[in-house]
Amino acid sequence: MVLKPDVLARAIDHASENDSRPRLLMSPRGKPLTQKRVRELANGSGIIIVCGRFEGVDQRVIDGRDLEEVSIGDYILSGGEPAALILLDAIVRILPGVMGNDLSGLHESFEGGLLEHPHYTRPQIWEDREIPAILTSGNHAAIAKWQREQAEQLTRERRPDLLGKKAEK
């Protein structure tokens, strides 16, 4: 099933009347969604999200309404709605006041081009696995260094593709 161009175009026109908000189409053939793009969208004046279903959207609407195709990954969903929820969650969580502490998101995966370091909590020992001693040392500089090293190591092991992007930030 392909969404009819006349019906969808009218809906887009109505939603975007007299404004220049980005018009996004959730699509597996779109540009991959990145944290950088999420920040750009969060700092804007809003967005319009179009979701296809099954076969998607008539290409004439994509071209005629200048829809920016956005992908959340290399897999197929039955519709764009789950992808839109992911996009919205990524945007909303970085809006001021949403997380309580606006600095909370600065050290998470993809911020600074790295995956996030491992996290630990009490108890000190659980199933014979101990929290790394450095984390309970009270030496904040050493802890920050350890966290950075762990983030770099995890990124090298699991997402080396991010390391080249790190320099772009």
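Backbone N, Cα and C define each Cβ position, glycine as well.
Together with ILE72, GLY73, ASP74, TYR75, ILE76, LEU77, TrEMBL lists one candidate of GLY52, GLY97, GLY100 for binding S-adenosyl-L-methionine, that being GLY52. Note: LEU77 (S-adenosyl-L-methionine binding site) has non-local neighbours PRO28, ALA83, i.e. same-chain residues 6+ apart with C-beta under 8 A of its own C-beta. Cβ-based crowding with a 10 Å cutoff singles out GLY52 as the top-ranked of the binding-site residues GLY52, GLY73. Counting only same-chain residues at least 6 apart in sequence, those with a Cβ under 8 Å from the Cβ of ILE76 (S-adenosyl-L-methionine binding site) are PRO28.
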